[in-house]
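Down below is the structure, laid out as structure tokens.
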Amino acid sequence: MLRTPIVIVNFKTYPEATGEGAVKLARLIFEAGEDYGVAVAVAPQAVDIYRVSSRVKVPVLAQHVDPIRPGRNTGWITPEAIKAAGAVGTLVNHAEHKIPLDQVAAVVERAREVGLSTVACAADIEESRKIAGLGPEMIAVEPPELIGTGVSVSTAKPEEVLRSLRAVKDINTGIKVLCGAGITTGEDVVRALELGAEGVLLASGVVCAKEQKAVIQDILRGMRGR
């Protein structure tokens, strides 16, 4: 189980966070998390999960996993495989890798079977409500139109965050709700926490920053309430 409040950095397929770049960035994030006493996790590409998990103590999530069992499934990714590679959980249903609700349910179930955490992404209040009924460990509220814009959901759509959080908690108080989409500064994080979020999921704001260390430090200061 992942600790909260938490900062999760999704590496996507950015070249800055591929191969040795993934290890370097994961180490920077882990060390900053240790310095600030804030829980952190990273989500590298599947091919970098073992590379990162074997060399950095940071919790590692997969970006996607398929709801299948080991066997004749060429090109698919099993929960067992990412766990063997060192992952402690997986993202599910990211806006850039959407899957039908029944598959979200299957991923959550398969992940639970093998002991993996699940961070499911939801585009809006209605999807947050539906996914909450499936029982993932966390739900990240991520309006797709704000992803990669530098405009945070906690600033642009605070009411959306509040209503999504209430919708989730009405169904399952044990699910942690995160803010995603457009988080780039510590102030964005402060606003997210003030709205009741229990962490943030972000990507380009850190990965593509010219000064990655300075940005992640600012984010972590926000997590500590500055």
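Note that Cβ sites are derived from N, Cα and C of the backbone, with glycine treated the same way.
Note that this is a predicted model, so its numbers are computed, not measured.
Annotation source TrEMBL lists substrate binding site at ASN10, PHE11, LYS12, ILE147, GLY182, ALA203, SER204. If you look up TrEMBL, you'll see HIS94 marked as active site, electrophile. The annotation active site, proton acceptor is assigned in TrEMBL to GLU142.
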* **Assigned conformation of PHE11 (substrate binding site) - DSSP reduced to three states** => coil
* **Lowest local Cβ density (other Cβ within 10 Å) among recorded positions: LYS12, HIS94** => LYS12
* **Three-state secondary structure, which DSSP defines for SER204 (substrate binding site)** => helix
* Asked: Closest to the residue listed as 'active site, proton acceptor': which of the binding-site residues PHE11, GLY182, ALA203, going by Cα position?
  -> GLY182
* For the binding-site residues ASN10, SER204, which Cβ has the most other Cβ atoms within 10 Å, all shown protein chains included? -> ASN10
* For PHE11 (substrate binding site), what residues in its own chain, 6 or more apart in sequence, show a Cβ-Cβ distance under 8 Å? -> ALA17, THR18, ALA22, LEU25, VAL42, ALA43, PRO44, GLN45, ASP48, GLN63, ALA203, VAL207
* Around the Cβ of ALA203 (substrate binding site), how many other Cβ atoms lie within 10 Å? Please give the count over every shown protein chain. => 24
* Other CB atoms, at most 10 A from the CB of GLY182 (substrate binding site) -> 26
* Asked: Within 10 angstroms of the C-beta of GLU142 (active site, proton acceptor), what count of other C-beta atoms is obtained when all protein chains are considered?
  -> 28
